[in-house]
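These notes are about the structure you will find just below.
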Amino acid sequence: MDNSTGTWEGCHVDSRVDHLFPPSLYIFVIGVGLPTNCLALWAAYRQVRQRNELGVYLMNLSIADLLYICTLPLWVDYFLHHDNWIHGPGSCKLFGFIFYSNIYISIAFLCCISVDRYLAVAHPLRFARLRRVKTAVAVSSVVWATELGANSAPLFHDELFRDRYNHTFCFEKFPMERWVAWMNLYRVFVGFLFPWALMLLCYRGILRAVQSSVSTERQEKVKIKRLALSLIAIVLVCFAPYHALLLSRSAVYLGRPWDCGFEERVFSAYHSSLAFTSLNCVADPILYCLVNEGARSDVAKALHNLLRFLASNKPQEMANASLTLETPLTSKRSTTGKTSGAVWAVPPTAQGDQVPLKVLLPPAQ
């Protein structure tokens, strides 16, 4: 670092090679993710009012996604200016902190949902006390405090770096610093791999419980399996490429901190993988609100009520609108959960926690 000029004589990375793809993807995420997450937040709020603990996790997930989306306009500007941050050091720290923390907050809440659904399907009676709204609120508070604290180190360091071409990088330094490399290893193993492994174990238990249920129809088993795999796929597709490159960059730096060759080769791929993490903000509400007939019906009703409200300007009509978000993975803790077109009945049993699931179709209209 040249202290007189504030210029960092680091690796030569060409910021012009990827100035179109990340901002284009971010604009797409803003356009799709903002309205869908607002709708998902309202749906989750309705779940919480019905004393459904899953709604607490969904609400926190939507809040995290919305906070992340609010930072994207500045990152669009950053990439369109060829990785040149023009909004000052304070905004760089704040928006970078929110941007990167959201990755691990989202993963943590997806993991919470996985554990909650495993307990609901595999052990509905034994762990009923853990599946309460108060417990979900406490767990959510711990998640926020833990993830924000674990990712707060950059707030106490200078995160603006000017290269030889007078570009001001925000939250990007090539090569990285040693403390950043060790923090990245923590993020990869504790923030990403551990929760994802836990999700795999939970959904393995879910699939085993569903498979052993003789009263669950084959079609419903397929739906539950598809939803289970979709949740795991969100984490894998959205976050795995980024963490693979993050791990590679950190490992190479710790082994050869003077070598810029690897940083220069993976620069474009690293930026693209980082942009792909934003697709999580689109996948979350789509997965939980649009993947099955019941949820699609509820969303259609919600949009219909919203249009009626805007057209008639009668707030009471909107207040009386009802939304119930019940799916095979979001059914309430009670012994009977309703979806559009089906009723999920869980009859009592004396066989411990092996509670069979049965779908009772309503009479034809």
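Cβ coordinates come from backbone N, Cα and C, glycine included.
Now, the feature entries from Swiss-Prot:
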- 1-10: topological domain 'Extracellular' (TOPO_DOM)
- ASN3: N-linked glycosylation site (CARBOHYD)
- CYS11-CYS260: disulfide bond (DISULFID)
- 11-47: transmembrane segment (TRANSMEM)
- 48-51: topological domain 'Cytoplasmic' (TOPO_DOM)
- 52-82: transmembrane segment (TRANSMEM)
- 83-87: topological domain 'Extracellular' (TOPO_DOM)
- 88-123: transmembrane segment (TRANSMEM)
- CYS92-CYS170: disulfide bond (DISULFID)
- 124-131: topological domain 'Cytoplasmic' (TOPO_DOM)
- 132-158: transmembrane segment (TRANSMEM)
- GLU147: site 'Required for activation' (SITE)
- HIS157: site 'Proton sensing' (SITE)
- 159-174: topological domain 'Extracellular' (TOPO_DOM)
- ASN166: N-linked glycosylation site (CARBOHYD)
- HIS167: site 'Proton sensing' (SITE)
- 175-212: transmembrane segment (TRANSMEM)
- 213-216: topological domain 'Cytoplasmic' (TOPO_DOM)
- 217-252: transmembrane segment (TRANSMEM)
- 253-262: topological domain 'Extracellular' (TOPO_DOM)
- 263-291: transmembrane segment (TRANSMEM)
- HIS271: site 'Proton sensing' (SITE)
- 292-365: topological domain 'Cytoplasmic' (TOPO_DOM)
Could you name the stretch, out of 11-47, 52-82, 88-123, 132-158, 263-291, with the greatest number of CB pairs under 8 A to the transmembrane segment (217-252)?
263-291
Most Cβ neighbours inside 10 Å, all chains, among the recorded sites HIS157, HIS167, HIS271:
HIS271
Cβ atoms near CYS170 (disulfide bond) (within 10 Å, other residues, all chains):
24
Could you name the stretch, out of 11-47, 52-82, 88-123, 175-212, with the greatest number of CB pairs under 8 A to the transmembrane segment (263-291)?
11-47
Distance [Cα-Cα, Å, rounded] between CYS11 (disulfide bond) and HIS167 (site 'Proton sensing'):
13
Looking at the stretches 11-47, 52-82, 175-212, which one shares the most CB pairs under 8 Å with the transmembrane segment (88-123)?
175-212
Any idea which of the recorded positions CYS11, GLU147, ASN166, CYS260 has the thinnest Cβ neighbourhood at 10 Å?
ASN166
Surrounding residues of the transmembrane segment (175-212) on its own chain - C-beta under 8 Å, 6+ positions past either end:
10-11, 103-104, 107-108, 110-111, 114-115, 117-118, 121-122, 147, 150-151, 153, 157, 221, 224-225, 228-229, 231-232, 235-236, 239-240, 243, 246-247, 249-250, 253-254, 257-260, 263, 354, 357
Close in space, distant in sequence - CYS92 (disulfide bond), Cβ under 8 Å, 6 or more apart:
TRP85, GLU159, LEU160, CYS170, PHE171
Counting by DSSP secondary structure, give me helix, strand and coil numbers for the topological domain 'Extracellular' (159-174).
0 helix, 6 strand, 10 coil
Any idea what DSSP makes of GLU147 (site 'Required for activation'), helix, strand or coil?
helix
